[in-house]
Amino acid sequence: MTRHDATRVIRAATGTTLTAKSWLTEAPLRMLMNNLDPDVAEHPQELVVYGGIGRAARDWESFDAIVAALTRLDEDQTLLVQSGKPVGVFRTHADAPRVLIANSNLVPRWANWDHFSELDQKGLAMYGQMTAGSWIYIGAQGIVQGTYETFVEMGRQHYAGNLAGKWLFTGGLGGMGGAQPLAAVMAGASCLVVECRRSSIDMRLRTGYLDTWTDSLDEALRLIEESCTAKKPLSVGLLGNVADVLDELLLRGIKPDLLTDQTSAHDPVNGYLPQGWSVEEWDAKRVSARKEVEAAARESMANHIRAMLTFHALGVPTVDYGNNLRQMALEAGIDNAFDFPGFVPAYIRPLFCRGIGPFRWVALSGDPDDIAKTDAKVKELIPDDAHLHRWLDMAAEKIAFQGLPARICWVGLGDRHRLGLAFNAMVRSGELKAPVVIGRDHLDSGSVASPNRETEAMADGSDAVSDWPLLNALLNTASGATWVSLHHGGGVGMGFSQHAGMVIVCDGSEAADKRIERVLWNDPATGVMRHADAGYAIATDCAKEKGLDLPGILR
């Protein structure tokens with residue numbers, strides 16, 4: 001089992017020449033490779049895409065075997081991938097998914113980091129995060145609009161919709177956290193973000209997600225103060241330990257205007273630098289002394305949450321951004337760790353009730369002009385949504401593509417399938433140079449059960465019911481998605497979530513029209529269904545408006 005290979009540099013093919021037998025198998029092949037592009041992945045030579053140890057394949061032998069299988073797969077065959085390893089090719093039919101993926105799933109009693117790590121070290125499992133092991137990661141852009149929407153809503157609720165002259169404090173510049181500084185600036189706020197790895201800071205600078213950096217807190221605060229005074233949003237990366245910096249801010253009596261965190265706290269061994277440790281010591285002991293690392297990280301997380309709770313008590317709008325930091329602190333003895341809310345119940349759930357979530361697409365041509373054309377098509381088909389148009393304009397101006405050109409765009413039930421059909425028609429007519437793939441994050445309205453994040457504080461108490469993502473995966477399979485994935489532990493770690501993903505290819509064919517219409521209607525409809533079942537009036541109204549047939553829910 002080879003998990004580190006310094007000789008490997010993987011990039012997706014572009015253009016219209018196929019390596020596989022059809023676009024329906026070329027697409028997952030390119031997206032797998034795109035996940036490991038050095039401009040996309042956090043640690044590509046270790047197959048790590050983002051989120052601690054979120055991998056695209058179990059090991060390099062499995063990666064090679066997946067590539068070989070996709071290259072030879074026929075139009076009526078389906079490849080099964082078990083925790084990053086290809087385990088079977090079976091005869092199905094042309095409208096069935098070409099790939100079915102299950103990553104990190106464990107029987108609930110054994111669904112914890114200790115047991116998973118035993119399996120992982122034996123080469124029997126792989127942590128797929130959400131979009132790492134499901135081959136639809138698009139770099140930090142994948143979360144930037146959701147983060148932007150959250151920050152905008154924080155501004156609406158706490159500062160009358162105006163974040164000019166305000167600043168956000170946060171931690172983490174990894175694959176997910178790296179979206180925070182750009183999202184904050186887009187929302188009108190300055191951002192001070194602490195990151196312990198210089199390489200992560202450098203990547204965000206290189207890709208345009210971060211404006212500047214320093215290793216001096218005094219300098220960082222000076223830059224933030226100047227930007228707020230001038231009301232010119234600026235993002236500043238600070239090299240350091242976020243828990244240490246929060247303690248220092250409290251000592252100095254300095255309060256941010258908004259507070260959150262996106263370190264990889266969900267993984268106490270691989271995702272969080274203990275206070276007082278160097279990165280080099282941490283990296284060495286993550287292999288040689290895992291229990292020591294975990295204990296030290298949990299103690300630091302408890303300190304981190306204590307500081308956040310203090311700021312919360314001082315009136316600073318404080319929110320958990322879904323990395324399970326509160327849970328880790330609770331287990332470390334901080335009984336009131338959940339005194340401040342998660343971002344979904346606080347700011348995002350009304351969108352989920354209407355099936356609105358992180359719709360994304362990728363141009364397999366590799367040509368940014370294809371994304372420009374699809375951006376224009378979105379504006380044409382959704383002409384009256386000024387907020388969406390503003391987002392697309394900002395994205396075109398400010399977001400640098402990582403790997404294959406892509407776009408993220410939060411739209412919901414009734415719009416997703418219209419956009420998919422329009423994109424497919426653009427491929428058919430030749431307006432787009434090659435097919436596009438449409439997917440989403442597993443963080444969506446109907447595809448995840450995560451009591452400390454997406455399904456926190458559900459109205460009916462159904463936070464932990466995970467039938468919903470299973471039904472979502474089954475329905476997307478039956479509807480004809482090109483590949484479907486079912487994962488465990490993404491975002492918040494082992495034992496705390498189950499979630500499903502789907503991707504569908506717009507290859508320009510009439511057969512694709514039928515699959516697109518089914519998948520891109522049914523997928524967001526499951527989110528409306530799930531929230532209607534929980535008793536949300538917004539969701540029941542949406543279900544009635546869209547004519548959903550929900551016999552046990554709408555009576």
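Any Cβ shown, glycine's included, is placed from N, Cα and C.
Other C-beta atoms found within 10 angstroms of the C-beta of T263 (NAD(+) binding site) number 29, with every protein chain shown included. Annotated NAD(+) binding site per Swiss-Prot: 51-52, Q129, 175-177, E195, 262-266, 272-273, Y321, G491, in sequence order.
Counting Cβ atoms from all protein chains shown, C409 (active site) has 20 others lying within 10 Å of its own Cβ. Annotation comment: Swiss-Prot describes C409 as active site.
Annotation note: A265 (NAD(+) binding site) sits in a coil segment as assigned by DSSP. Of all the binding-site residues listed (Y272, Y321), Y321 has the fewest other CB atoms within 10 A of its CB. E195 (NAD(+) binding site) sits 27 Å from C409 (active site), taking the CA atoms of both as reference points.
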